[in-house]
Amino acid sequence: MKQKCVLIITDGIGYNKNSKFNAFEAAKKPSYEKLFKEVPNSLLKTSGLAVGLPEGQMGNSEVGHMCIGSGRIIYQNLVRINKAIENKELEKNENLQKLLAKCKRVHIIGLYSDGGVHSMDTHFKAMLEICAKNGNEVFAHAITDGRDVSPKSGLNFIKDLKEFCENLGVHFATLCGRFYAMDRDKRWDRVKEYYECLLGKAYKVPNLLEYLQKSYDENVTDEFIKAAQNENYKGMREEDGIIFINFRNDRMKQLVEVLNSKDFKEFEREKIFENLLTMSVYDDKFKLPVLFEKEKIENTLAQVISKAGLSQLHTAETEKYAHVTFFFNGGKEELLENETRVLIPSPKVKTYDEKPQMSAFEVCDAVKKGIEKGEDFIVVNFANGDMVGHTGDFNAAIKAVEAVDTCLGEIVECAKKHDYAFIITSDHGNCEAMQDEKGNLLTNHTTFDVFVFVQAKGVSKIKDNMGLSNIAASVLKILDLEIPKEMNEALF
């Protein structure tokens, strides 16, 4: 069976039997049609317990890539935190107790929705309650979502938070859309707006809920809400404690850097803060206390390949680069021996419906070069289905699928020419459901299964009831390497 192997992850493309508002179905996709006819294929589960999330919870890119790259189901921070709240372990957390003892005033910052991709509203409320009951003066700083949940669902979430704060005697201090507060592409002007808001230098309003409604009236939805503060809020003091509620790291790193790093040079800052506590490890370089330490994940797919002395290439455009490196490698940033990484810059547009092909063709070229060079294993992510799916623009999402389809055709042809096996799958769905029955835009991920195609010597059928955690062992089987005991079985 021994062959070199390409693993292609088509981010945000899932299977939905309903063809209405389904960008995948509506797209012209000759490469996919050929794959369905000629290559063994099946469906994989990408949500809920199959990827270590609560039952019914949609999958996401971080979880999906960790599952694919580690070859096992890792119970995600979302599940770990839920359990810690239920069994009262969170309030006993040593790092939390230290912060609450040291700082009279405490600020809680995070994405406030039930999307479950970056955070959970229940975690935010649990933390407010713990801090308030401890006797600290508490300030809530809500970031509105509109991306992992529907674009105007913020009104109900923020109404809920406002009432919760009033009942607890907590200050509801600021409001801002994730477009600004949670940028991850070094657009520092956006983060600066939020930083100034936290310092009490933003647009002042008497009622943040009314401000949100007013934004809707001006056609500004949750993701893009401009930073505003309650008129009574006077800003953070340097001695205050700051707790970050998001358990996913990639969209909080820049904000933490702005608030805490002594070496930050992107813009002038009036204050730097020392008393920070993050829900999970955002970046090892921060040296900050955390509530939930990283679980050690050993014997990942990339590690096994590296230890065997084989070469590997990991490539994607900026938006998904962390997923094929950090997350795919089990939450480890460092480069392995014989591992090459190629980062293709994502286009500098406000939202990706403006350029639905994104940088797919450049990513495709990097893969073909890797095949021609003879890399033993290549993993690539095409971001289009997900990133364009998030915009809610149906026609742009169709173009996104078509761009991916073109790239698949080229890579498959190149793989066959050089006798490479290939596996094509997705980390989760998105663009296959762009509106609900009522015509509301759906910008979030789905809980649908995803396709998997396996072209390799000796493979004619894929087992039933498989998931993303079965892919790593499949790659090792193709490469003729031993499958470690930590991994789930192969797809075939």
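Every residue number used here counts from 1 along the chain in the order it is shown.
Note: Cβ is positioned from N, Cα and C throughout, glycine not excepted.
Swiss-Prot has this to say about the protein:
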type: ACT_SITE; residues: S61; note: active site, phosphoserine intermediate
type: BINDING; residues: D11, S61, D427, H428; note: Mn(2+) 2 binding site
type: BINDING; residues: H118, R147, D148, R178, R184, R248, N249, D250, R251, K320; note: substrate binding site
type: BINDING; residues: D386, H390, H445; note: Mn(2+) 1 binding site
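Taking the features listed in Swiss-Prot, we show where each one sits on the structure.
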{"residue": "H118", "record": "substrate binding site", "DSSP class": "coil"}
{"residue": "D148", "record": "substrate binding site", "DSSP class": "coil"}
{"residue": "R184", "record": "substrate binding site", "DSSP class": "coil"}
{"residue": "N249", "record": "substrate binding site", "DSSP class": "coil"}
{"residue": "D386", "record": "Mn(2+) 1 binding site", "DSSP class": "helix"}
{"residue": "D427", "record": "Mn(2+) 2 binding site", "DSSP class": "coil"}
{"residue": "H445", "record": "Mn(2+) 1 binding site", "DSSP class": "coil"}
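Cα of H445 (Mn(2+) 1 binding site) to Cα of D148 (substrate binding site): a span of 7 Å.
Neighbour list (R251 (substrate binding site), Cβ cut-off 8 Å, at least 6 residues apart, same chain): H118, R178, M182, D183, R184. Summary: among the binding-site residues (D11, D148, D386, D427), the fewest other C-beta atoms within 10 A of the C-beta are counted at D148. A 10 Å cutoff on Cβ-Cβ distances gives H390 (Mn(2+) 1 binding site) a total of 23 other Cβ atoms nearby, all chains included.
Following the DSSP three-state reduction, the secondary structure of S61 (active site, phosphoserine intermediate) is helix.
Taking the Cα of D386 (Mn(2+) 1 binding site) as the reference point, the closest of the binding-site residues D11, N249, D427, H428 is D11. Ranking the recorded positions S61, N249 by C-beta neighbours within 10 Å puts S61 at the top. Look at the Cβ of each of the binding-site residues H118, R184, H445 and count the other Cβ atoms within 10 Å; the largest number goes with H445.
The subset of binding-site residues (D11, D148, D427, H428) lying with their Cα within 10 Å of the Cα of H390 (Mn(2+) 1 binding site) consists of D148, given in sequence order.
Proximity to D11 (Mn(2+) 2 binding site), judged by a C-alpha distance within 10 Å, picks out S61 from the recorded positions S61, D148, N249. Long-range Cβ neighbours of H428 (Mn(2+) 2 binding site) (same chain, at least 6 residues apart, Cβ-Cβ under 8 Å): D11, G12, G14, T46, S47, M58, G59, N60, S61, G64, D386, H445, T446, V450.
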